[in-house]
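Annotation comment: TrEMBL describes 37-125 as region 'Disordered'. Among the features that TrEMBL reports, compositional bias 'Basic and acidic residues' is placed at 65-76. The feature compositional bias 'Low complexity' is assigned by TrEMBL to 91-119. Taken from TrEMBL, the feature domain 'DUF1899' applies to 159-223. Annotation source TrEMBL lists repeat 'WD' at 282-324, 325-366.
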Amino acid sequence: QSVQEFHEDLFPDCTGTLPATNAQVWWAGDSQQVGRVSLHPARRPRETFTSPVIAGTGPTNTGHTDSDTGHTDGDTGHTNGDTGHTDADQTSGYSSPSSLASPSSAATSLSASTGPSSGFASSPSQKSLQSILGEQAAGWARDALLGGFRALTHPSPAPGPSSRFRHAQGRVLHRDHHLTNLRGLSLTTPGECDGFCANHQRVALPLLSAGGQIAVLELSKPGRLPDAAVPTIQNGAAVADLTWDPFDPRRLAVAGEDARIRLWRIPEGGLQETLQEPEAILQGHTEKIYSIRFHPMASDLLVSSSYDMTVRIWELSAGREVLCLQGHTDQIFSMAWSPDGKKLATVSKDGWIRLYEPRRSSQPQQEGPGPEGGRGARLVWVCGGDYLLVSGFDSRSERRILLYQAQALPEGPLSVLGLDVAPSTLLPFYDEDTSVVFLTGKGDTRVFLYEVTPEPPYFLECNSFTSNEPHKGFVFLPKTACEVREVEFT
């Protein structure tokens, strides 16, 4: 099998970057979906971002790489612009994960030996796998590739169901592709925040210095940052959460501890001087904000949650609050728009998961029992938006993941899987095309991977990934950043 083959079944068309509608039209009832774009190299739109971080060198044994995950690591604060894979011969760094979902699975873990961050590559999906299995991965083992999450394709004799992606593995890029010498990073962002944020072009990282400063770094300019201070955004209040506008790569929304949301516009080409004047300030919350999320379909629509126990939806073009969602009686740990943008799910310290349809009511449409432990929780929509995956704790502080049917929240979780005992909330990221969820916590060195299925046993364990130093943040770039020739899927 040629590594250059395009696996149509592994890479369905993915979400594009143009909004389907705007805020006003969405409120009026429009539910159009964002247009999808092909990942086939010959059919990609011209303006698709190709990271200049790593120049493609053709199908040699160094391989193409691409700006993939943007992890920020621990003590030195490198930002890793990619993930990696390795070939089937390099087995010296492997160790078995605890087999939680499929005890006899031959899943393996790759210890990063090349740097302090981590990342991911994949196997082709079942159809491609079947055509490759006859060759026992011989064609795949020839090249040691440096980008993406990729799998060994030899079959495992494990009885019972096992994931098609159980051999997914990652490797850290060479330090030449990192952003290094990051100074004064804030490591105290709330548990509701991913720690930093990234898009195709740049990363934004909260700094410790007074006034809520934020560094904005270009992915196209890797390497060691100068010892002198870099230009920053002066947010004016400590940063609680921050996120890039999915439809405008130059707009950054920042939630402050002063109960305000500021919208910042990054100049073309990046930050050259200190930015002090936001494009807009949104006021309405009466206490510190926990988290903010852009709408996945409509432009200029943002949702925020706060210590005032409300969730508010904002129309950015008008700079105003449109709706205040009610029903929470304690801290709101996490919220997520459904993939079609029609519903909003929340999980709260009061022990409940709530489902809202904001265009119909400000009261929850459904409520169901959430994780027992009140230490923190996160949630993501999975399996086409029919299910919710929640990461949280039990009463003894064991970290666990729970799967719910979105239309049957009152019935409680379909499945609960205990992972380990650790203090930080697991941050989940879900890849819709492969149905694989990635989970790690701030301060963790391990990334858990599971394929999520809508039938028992629900969670199929894949390789976990271990890095040398603790993660301080965890984010993924849009799918269009993947180098599909190397079977990167995230």
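The backbone N, Cα and C atoms fix where each Cβ goes, glycine too.
Because TrEMBL annotations are produced automatically, they should be read as predictions rather than curated entries.
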(message) Over the span of the repeat 'WD' (282-324), how high is the average pLDDT in this prediction?
(response) 96
(message) Cβ under 8 Å, sequence separation of at least 6 from the ends of the repeat 'WD' (325-366): give me the contacting residues as numbers and ranges.
(response) 26-27, 29, 31, 33, 191-192, 290-291, 293, 295-298, 303, 305-307, 309-313, 372, 374, 376-381, 384-385, 388, 390, 392, 404, 406-407, 409-410, 425, 432
(request) Take the domain 'DUF1899' (159-223) and count its residues per DSSP category (helix H/G/I, strand E/B, coil), listing them in that order. (result) 3 helix, 21 strand, 41 coil
